[in-house]
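Undergrad: What follows is a single structure, and I will ask about it in a moment.
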Amino acid sequence: MTGALVGVRRDFDIVGLVVLAMMTGLGGGVLRDVLLGVNPPVNIGSWERLLTATLAAALIFWQHDRVLRRERVVMLLDAVGLATFCVTGTIAALSHDITPATAVLLGVLTAVGGGIVRDVLSGRTPVVFSGELYAIPAIVGATLTTVAEAFGAAGIVYVGPALVCLGLRLVSMRRGWSAPGARRR
Amino acid sequence: MTGALVGVRRDFDIVGLVVLAMMTGLGGGVLRDVLLGVNPPVNIGSWERLLTATLAAALIFWQHDRVLRRERVVMLLDAVGLATFCVTGTIAALSHDITPATAVLLGVLTAVGGGIVRDVLSGRTPVVFSGELYAIPAIVGATLTTVAEAFGAAGIVYVGPALVCLGLRLVSMRRGWSAPGARRR
Amino acid sequence: MTGALVGVRRDFDIVGLVVLAMMTGLGGGVLRDVLLGVNPPVNIGSWERLLTATLAAALIFWQHDRVLRRERVVMLLDAVGLATFCVTGTIAALSHDITPATAVLLGVLTAVGGGIVRDVLSGRTPVVFSGELYAIPAIVGATLTTVAEAFGAAGIVYVGPALVCLGLRLVSMRRGWSAPGARRR
């Protein structure tokens, strides 16, 4: 959805919007599955997910004025996606035979990978690199998920890490927190 | 081939030309095979294909003046490639155990993926996103191929979807058709 | 390490530095493993390697002034990395059932792939494409490795191709050699 919005700002055509929407929403999970050797990646293996991304792009295509006026709702949805993807991505990774550090990495990749692909394709420096607290909530969420799994957590417990990640992201947006940069002196 | 030409315009060196030519010609199929779990991807597994891409780059390296003067021939070859790749890509995808929607997606990816990689590597906004009717003929071709396969088509029949794709692309170039964009009002 | 340095120049935050450092140092090997179907790629499967990249980024984050003043040391380390990766990458590829041409390609990819990903993510035209003799030493090294392997070489012998690659790179930097470009006339 942020994918399609970025596309509108760049005057992409309808194909560009659909591709950007797919990449942004599904790209992180596809990268994770490629690294884990899940073929074909679940995100492109089911037409339901492809359809959802297409519908999001269609919504933006016809109603981008209205959507842009509700930018806070879009940012909220994006944060919910971040929180959900970092937890589900980590869980999916943990079901394979990998180390905890790799699971955290892949969980974070699921959450932020789509946005990176979106920014590279539309010629922007990836937002995730430049100041905003975007990856850090995902890192915290993925780490908590991995720890919880080590203690044998199941089902509903994983809502916890997701809420922590969501909370961190929302608070940081409201307060304008940013990650430390290495300013040249 | 369009890859190497873009490279000449950017003053890339000979290595850059070869890499861009390989990426453009073979990249789409490599992406498809990675997503399908074909290792190594057929496009890089055979030296014949690597050699072909290298020869194309060499031709451009030494003769780019002459080639550029025949731009319409290059665009025609590019359209033939688009048509061929969207059909062969879809057929290759259908031989795996995947849904029709995924097969269409991978067929289109085979056809346009190389061009996207080329544009990202050379710092351009992917042409496929911005107005020209490029992806849409591939989508039509891949869809027709999938439908034909469901009806048990074989061999020569698949020339049909390729010709439809080629025709659509050529007509759209001549008439200057473009895909609808979501212009900001 | 060059990854994190590029990040500093672009005013990326600490997350960006770590990601760029990982991509640059480990990205080439990850691409190779994805193409070979090694899941998960060895470079992200071991926390030691992830930690090393993170430490390199941390060093740059706190000491980039001092590191930048020693730019020649960084370039030397980068050349050593190039030489090491092109040989180890080729050897890793040769242990799979692939043709020699593919092994050379994957060895070169291991050596230069990380730098390409770094440049794409930070919005630069990949250096490897534009003039400097960077890929050519890697191609020579990977080819020599493949030839040595065909003659049944083992262990210490492979230091040879690495030294040739390193020497070529260092001499070309000192002399300012560059690969031929296809200048427009």
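The backbone N, Cα and C atoms fix where each Cβ goes, glycine too.
Given the structure is predicted, the values throughout are model-derived calculations rather than measurements.
Sequence annotations record features per position, and here TrEMBL assigns domain 'Glycine transporter' to C:1-62, C:76-148. For C:12-32, C:44-62, C:74-95, C:101-120, C:127-144, C:150-171, the entry in TrEMBL reads transmembrane segment.
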Undergrad: Going by DSSP, how much of the domain 'Glycine transporter' (C:1-62) is helix, how much is strand and how much is coil, in residues?
TA: 51 helix, 1 strand, 10 coil
Undergrad: State the residues, same chain only, that lie 6 or more residues beyond the ends of the transmembrane segment (C:12-32) and have a CB under 8 A from a CB inside it; answer 'none' if no residue qualifies.
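TA: Same-chain contacts beyond the flanks: 1-4, 6, 41-44, 49-50, 52-54, 56-58, 60-61, 81, 85, 89, 92-93, 106, 109-115, 117-118, 121-122.
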Undergrad: Determine how many residues of the domain 'Glycine transporter' (C:76-148) DSSP places in helix, in strand and in coil.
TA: 58 helix, 1 strand, 14 coil
Undergrad: With Cβ-Cβ distances below 8 Å as the criterion, list the same-chain residues six or more beyond the ends of the transmembrane segment (C:150-171) that contact it, or say none.
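TA: Distant contacts of the transmembrane segment (C:150-171): 76, 79-80, 82-84, 86-87, 91, 100, 133-134, 136-138, 140-142, 144, 177.
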